[in-house]
Amino acid sequence: MEHKPTHTSGQCPVMHGGATSSNSSNVAWWPKALNLDILHQHDRKSNPMGADFSYREELKKLDVEALKRDLKTLMTDSQDWWPADWGHYGGLMIRMAWHSAGSYRVGDGRGGADTGNQRFAPLNSWPDNANLDKARRLLWPIKQKYGNKISWADLMILAGNMAYESMGLKTFGFAFGREDIWHPEKDIYWGAEQEWLAPSGAENSRYSGERDLENPLAAVMMGLIYVNPEGVDGNPDPLKTAKDMRVTFARMGMNDEETVALTAGGHTVGKAHGNGNAANLGADPESADLEEQGLGWNNHKSRGIGRDTVTSGIEGAWTTNPTQWDNGFFHLLFSYDWWLQKSPAGAWQWEPVNIKEEDKPVDVEDPTIRHNPIMTDADMALKLDPEYRKISERFHKDPAYFSETFARAWFKLTHRDMGPKARYFGPDVPAETLIWQDPVPTGRKDYDVDAVKAKIIASGLSIGEMVSTAWDSARTFRNSDKRGGANGARIRLAPQKDWLGNEPEKLAKVLNVLEAIASEFNISVADTIVLAGNVGVEQAAKAAGIAITVPFAAGRGDATIEQTDVESFDVLEPIADGFRNWQKQHYAVNPEELLLDRAQLLGLSAPEMTVLIGGLRVLGTNHGGTKHGVFTDNVGALSNDFFVNLTDMRYTWKPTGRNSYDIVERNSGNVKWTATRVDLVFGSNSILRAYAEVYAQDDNKEKFVKDFVAAWTKVMNADRFDI
């Protein structure tokens, strides 16, 4: 028999691509299969720090003042490999911080500066983030020096703060507490376009109708942080750009005044770079060759640094003194007429007509040379849009008000995704509490929990009512920006009390009972709601023959309507909740994908999601009391019946509508139960079925209850950063 060699000289003896690229992955073979990867992120396997590492404990060792001094020294320590404009890195560091925080969007709370994700794809290679890799490399000696005591996420934002302070701005404050991730996020949807900077008419565009931007996106193009500086789709028209700005900044959580302040304040210092040919730039960091060592956009064909740098393609500074915080932006904007010109790199920009020589900024390398300042289309929108102009004129006339408004808006921009003040750390945390931080008063902890539980048991509320109300209160939590959750009991306030997903009539009835109990014991309604849910779970476990105590952490407070920005809470309204087998309407996205998104925002793993579904189904918590997925004859008992019957081959499953199925007995043909896609995916998807089979086993009835209680408690305490 002829034997073939295992490999021949010159051939690689490993399997090409299968383990190291996505070309042969399961997703590539079965693109429509439910991808659970978003629930399997940022675990210990990808984290180089040990399980006992605590960033908060490391922060306690940080010499904050020494770090701030080092950062301010860095600003004027120009390096030959990437020289500082006018000898000051402030503009570069501010852009890095701005773009780290500016990817945040309120729609789903994803993006932002809280994780240091600018270090990874796709953000590290976005066109709008060109040359920010240089800023991070300039910071590396400081990160190396302070090590574990400062995260990249904190350092990038603090560098922006110190840049502003070194140029004369009094900042509003700074909070440490952002923790680094160690690989790119898999859960953030950046858009469906397949090319960078695709115009709005391109295939898979994020726009529909007149110019309706797809939710939850905020940026106008794939690869931009906010709007196109040259104009809508690269066509200058400040009034059209103003419309884009309103949508984009609103989706970042900013109003008109904050939008004007951030735009003008961001352009008060630094410059744009476009003095050269963009075609000379090399690949972005993710695509660059090994010898580039993670640096991108390197120019090996011409000088490409200093005055010859190309980044956005726009060329010039906005103000006369680009390394000094002042009111020069508005002075130039209102002092001159502006006309469209092309930069040396071919980008559209606005330049002043007949500007005085002394109003021109000097060259970044030679102070004897002066250049025209520039404005982007977004800058011109601040002058030409009527509402933006009113705000701009006030800032122009009152520089102190502009500085204060910008400082507050900058703090909001850079801290919005950190969540409540309980997560803030450090000596520069502002004493003032701001409404966008969703403040919650501290609640009582010293009370007789067992006495309250006894009162709840005697209240006449059903297991389903108690459990579903607690779930609805807690499910608003978003691990993305740490908003929502049971603390504060905002489920009793507008807008949450009126959300369709919360069944307002039933909710009002339950709250009426629980608020009376809370008042009797002088405790928070928030604690009482969660405690009632725990009581329901304990009673259900007892009905299934298992005695268990659900852990409870007292101390939640009750927020007031004055502490609640009603409009900002609208974005937390659920459009679907697979855990309660409900969705507001049919969507292009399948129900099981919406379930996955909610589970990820709640911080759940796939096994936790699975056990919660199985438990909530048998507890009678379905929205509107529907029977879909209630695969049990003993509703109210915390049994594993959902999994037992889902995996039972005595049944077949027949579709009856877009999102409805009959569970039919094979022998008789009788309909036994009904279900939705969310129910049946736990028997269809191979991974979820593997989990379902674990909980369907005869020897895992107690494990099912224990795991359900653990996952339930995790959700109830998801927003308890104080414990």
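Cβ coordinates come from backbone N, Cα and C, glycine included.
According to Swiss-Prot, the protein carries these features:
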- Arg95: site 'Transition state stabilizer' (SITE)
- His99: active site, proton acceptor (ACT_SITE)
- His267: heme b binding site (BINDING)
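Cα spacing between Arg95 (site 'Transition state stabilizer') and His267 (heme b binding site): 10 Å, rounded to the nearest whole number.
Cβ neighbours of the residue listed as 'active site, proton acceptor' (same chain, under 8 Å, six or more residues apart in sequence): Gln118, Leu123, Asp128, Asn129, Leu132, Ile225.
Over all protein chains present, the Cβ of Arg95 (site 'Transition state stabilizer') has 25 other Cβ atoms lying within 10 Å. Every protein chain considered, the tally of other Cβ atoms within 10 Å of the Cβ of the residue listed as 'heme b binding site' stands at 27.
In three-state terms derived from DSSP, His267 (heme b binding site) belongs to neither a helical nor a strand segment and is classed as coil.
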